[in-house]
Amino acid sequence: CGIDYYTRAPGYNNESFVIYMFIVHFLIPLFIISFCYGNLLCAVKAAAAAQEESETTQRAEREVTRMVIMMVISYLVSWVPYASVAWYIFSNQGSEFGPVFMTIPAFFAKSSALYNPLIYVLMNKQFRHCM
């Protein structure tokens, strides 16, 4: 299940599909994730500033910051290889690419659903306690 990089028929519009996939399924989610997590970090910092700067507040702020950074990194690790390979193949049409070249990035992209729950379980004591 993936993009058909080999069909070169003019009626298939592969170029517009790759551009659409890159923008709608990679760049826009990356922007939304960055925007939302950035706002979350600002809200946590504002809440911490409003409270007395205790060790507990600072520790909670560090934990949230670490978790947000891990979430963004996991998104990038999962989707940058796939988006890069798709863009590379799009830019080098007519070149031969082996199945491993396309399979490994697809594996990373499709395994992305595992990363967020793992990050929550490994990095959040309250989440672990509730399980």
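Every residue gets a Cβ built from N, Cα and C, even glycine.
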If you check the topology given in Swiss-Prot, are K45 and I89 found on the same side of the membrane? no
Over the topological domain 'Extracellular' (89-100), what does the predicted model average in pLDDT? 78
Within 10 A of the CB of K110 (N6-(retinylidene)lysine), the number of other CB atoms across every chain shown is 13
Let's see if you can do this one: DSSP helix, strand and coil counts over the topological domain 'Extracellular' (89-100), in that order. 5 helix, 0 strand, 7 coil
Helix, strand and coil residues within the topological domain 'Cytoplasmic' (123-131) as assigned by DSSP: 7 helix, 0 strand, 2 coil
Under 8 Å Cβ-Cβ from the topological domain 'Cytoplasmic' (39-66), and at least six residues away from its ends along the same chain, one finds 123-124
